[in-house]
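Lifted from Swiss-Prot, the feature list:
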type	residues	note
BINDING	10, 58, 86, 92, 104, 114	ATP binding site
ACT_SITE	117	active site, pros-phosphohistidine intermediate
């Protein structure tokens with residue numbers, strides 16, 4: 001069954017010119033890019049996206065980071081797309097959890113500046129796709 005997930009290549013990935021490398025890894029895994037946009041993120045969109053972190057001490061720095069420059073937002077499709085992308089992304093902590101061979105394991109050092117975001121469940125993917133790509137069907 002085909003599944004959809006939201007992938008963000010965060011401002012650090014864009015600034016470091018890793019967009020092509022990251023998209024290539026997604027496609028080499030067998031996933032398909034269904035939509036792709038370079039965006040400057042508004043404070044409102046950032047707050048909605050990270051709403052579950054609103055009461056955490058790092059929320060302000062997270063908003064500052066995600067709005068610090070352009071990012072790439074993509075809808076990625078394929079069998080088990082959510083789990084497949086999270087596998088190639090690697091653990092959230094790029095040093096302690098992400099293994100070499102993953103995007104974060106190969107290119108990131110800091111937890112917040114960890115290059116990519118991927119939805120953590122099909123339900124989150126549907127919510128996030130609706131937020132980042134209004135009007136897109138989430139089938």
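Just so you know, glycine gets a Cβ as well, placed from its N, Cα and C.
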Practice task
Tell me whether residue 92 (ATP binding site) sits in a helix, a strand or coil according to DSSP.
Solution key: coil
Fill in the blank from the handout: Three-class DSSP assignment, residue 114 (ATP binding site), comes back as coil
Completion exercise
Here the binding-site residues are 92, 114; the one whose Cβ sees the most other Cβ atoms within 10 Å is 114
Handout entry: Whole-number Å value of the largest CA-CA distance among 10, 58, 86, 92, 104, 114, listed as ATP-binding
Key = 22
Handout entry: Nearest-integer angstrom distance between the alpha carbons (Cα) of the residue listed as 'active site, pros-phosphohistidine intermediate' and residue 10 (ATP binding site)
Key = 7
Exercise for the section: Taking the Cβ of residue 10 (ATP binding site) as the reference point, list residues of the same chain whose Cβ is under 8 angstroms away and which are at least six residues distant in sequence. Expected result: 65, 66, 71, 113, 114, 115, 116, 117
Handout entry: Coarse DSSP state, helix versus strand versus coil, of residue 104 (ATP binding site)
Key = helix
Handout entry: binding-site residues listed as 58, 86, least Cβ neighbours within 10 Å
Key = 58
